[in-house]
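Below is one structure, written out as structure tokens, with a few remarks after it.
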Amino acid sequence: MATQEYVRITFQVLFYLHLLITAALVVFIPVYGLTSDSRSHNFHPLKWYLPILASTACGGVIGFMWQWITFKKPRKALRATFWFTPLLTSLMAAMFVHIGTSLSLVVGTVSFLSAVAQSFYGCCVSSRFEYATNILSLSIAFPSAKSKMLALSSILIGVLYCCFLVFGIGGATAIQEKAKLAYIYILVIMLSLCWTMQFLKNVIQVTISRVAYLHILEVHMDANEANRDTIKNFTGCVAMGSILVPVMTLLRSFARLTCCCVGCYMTVSSVLMNHGNRWGFVHVGVYNHGFLESSYVAWDMFTRVGMLPIIDSDLTGSLCFLSGVAVGAICSMLSGMLSLLMHQSYAMDVSIYAFFIGYFMCRLAMGWLQACVSAYYVAYAENPMSNQFDSTIPDRLEEIKRSRASSPDPETILN
């Protein structure tokens, strides 16, 4: 316990320290870049800032609207995500090709190949849509009004933070022709964007999964109180998980693509998931466990009750990922088209920044939906015989067993 507490405090300190360093950079660089002689005379602040700030606001609005649509119409939202995301990614690829630089051609080609992969993936997993819709509907059936307000407030915080970082990126862009460290400043700011937006999303994960888990047990907890507890007591765990979960997920996807047999993949996957997975956030909030311990306990429960086939093929993560890609593509196209009209040389850079901002804004908005599904799975794994659950999960397990007996179910790579 002492070691876990030390790790928790260490990550808490590191997270707050990184926020201070990032804030100092964001405040100093624009002031220096826009007032000193090092500023490039080719930099036009209004033409650079306006497209990316507009796309940031657009990302927040679309992200909130999409999570509301997913809540109201999960069946239609899920299918729309899997079918329209490749189209939006292709349109973004066409825009990058139209920009005409060598780098934009590379990005456009990669985007187009990604769209093809998304289309193929959607066709492979279409048989899972019905179950994914059912489990999503069950998990989000009874959200509290305060949960929705909490999701909205997190989106507003995300928009403001992204705008703050955009201010710093613009300042670094203003001096990049004369300052060798400008690209390093931009890289540091973008890394801060990734970590902080993941942190905000996972604060929602811990808070909402705790409320949803207790609701399943017929225990009421105020969402605002749960959020205060998360920020006060679990900042270190959330900060650590915000680094580990994306890394472990990426390594797991790589293992899925490279392992030559199912048994090899499952072994590698179990090792990775034991050290960090999103279902661990449920026990962080409910039982005040460390993130590593919670991840191990959650994965061990799934293994013991035979739920790994469902967890491994769950489409909730894919839904949230592809939703993020779709919103990122919309923001990228908005920013890119405005830049092409106002100042073409900015189009490539601001389009890439806008894509990442739009992606993370949507992932933040979809965080409470993913938290509800995680809570449902963990609660079921702890007590599969409870009267609180219907036959959705057992029926799906039987369906997977029958399917694997005849032909392997397509593997998912976007969990």
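Backbone N, Cα and C define each Cβ position, glycine as well.
Keep in mind it's a predicted model, so treat the numbers as computed, not measured.
What TrEMBL records for this protein:
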{"type": "TRANSMEM", "residues": "12-33", "note": "transmembrane segment"}
{"type": "TRANSMEM", "residues": "48-69", "note": "transmembrane segment"}
{"type": "TRANSMEM", "residues": "81-99", "note": "transmembrane segment"}
{"type": "TRANSMEM", "residues": "105-129", "note": "transmembrane segment"}
{"type": "TRANSMEM", "residues": "150-175", "note": "transmembrane segment"}
{"type": "TRANSMEM", "residues": "181-200", "note": "transmembrane segment"}
{"type": "TRANSMEM", "residues": "315-341", "note": "transmembrane segment"}
{"type": "TRANSMEM", "residues": "353-379", "note": "transmembrane segment"}
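Outside the transmembrane segment (353-379) by six or more residues, the chain places 51-52, 55-56, 58-60, 62-64, 66-67, 70-71, 92, 135-136, 138-140, 143, 147-148, 150-151, 154-155, 158-159, 162, 166, 169, 190, 193-194, 197-198, 200-202, 204-210, 212-213, 216-217, 278-279, 281-283, 298, 301-302, 307, 310-311, 314, 316-317, 319-321, 323-332, 334-336, 386, 388-389 with a CB less than 8 A from a CB of the stretch.
In this chain, the transmembrane segment (81-99) lies close to the transmembrane segment (315-341): three or more C-beta pairs between them fall below 8 angstroms, excluding pairs fewer than 6 positions apart.
For the transmembrane segment (12-33), the partner stretch with the highest count of Cβ pairs under 8 angstroms, out of 48-69, 105-129, 150-175, 181-200, 315-341, is 150-175. Long-range contacts of the transmembrane segment (150-175) within the same chain, counting only residues at least 6 positions beyond its ends with a Cβ under 8 Å from a Cβ of the stretch, are 22-23, 25-27, 29-34, 36, 38-40, 43, 45, 48-49, 52-53, 56-57, 59-60, 63-64, 67, 182-183, 185-186, 189-190, 192-193, 196-197, 200-201, 203-204, 207-208, 223-224, 227, 349, 353, 357, 360-361, 364-365, 367-368.
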